[in-house]
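**Q** Checked TrEMBL, it gives:
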COILED    9-43  coiled coil
COMPBIAS  60-73  compositional bias 'Acidic residues'
COMPBIAS  87-107  compositional bias 'Basic and acidic residues'
DOMAIN    33-108  domain 'Transposase TnpC homeodomain'
REGION    60-107  region 'Disordered'
């Protein structure tokens, strides 16, 4: 019994088929966009060039196999691959350079108030445990007025 205004079974089946086709297309589009996103991230964040290591893994495995065969005590020399060595020279030290020793130093000490120097538990006098010294370059600027009298 089909009521007027209600879709027929054939219409519903056609609608289901259309929705499934649309769902399949959208799923394919999502997969494609995810692949594009992965490629874009690789393009943006991946290393720009490959850095070759002087000794490759297959050579290391070969050396390990030679050691396992019973040649203990001998130093195995790896073949030269023609690539630059992996030993890196020590780079420059980072951070600020220390201030020159010939500059005069003025020591400014910061201390807590006398009433805070008592231990809250036993009320005994606390002692200094250490100090942290930092240096700051202070360039004093003096302004003066020159009076030219003629």
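Every residue number used here counts from 1 along the chain in the order it is shown.
Just so it is clear, glycine is given a Cβ too, placed from its N, Cα and C backbone atoms.
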**Q** Grab the same-chain neighbours of the coiled coil (9-43) for me: Cβ-Cβ under 8 Å, and only residues 6 or more beyond its ends, written as numbers and ranges.
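**A** Distant contacts of the coiled coil (9-43): none.
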**Q** For the compositional bias 'Basic and acidic residues' (87-107), how many residues does DSSP put in helix, in strand and in coil?
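**A** Helix, strand and coil residues of the compositional bias 'Basic and acidic residues' (87-107) number 0 helix, 0 strand, 21 coil.
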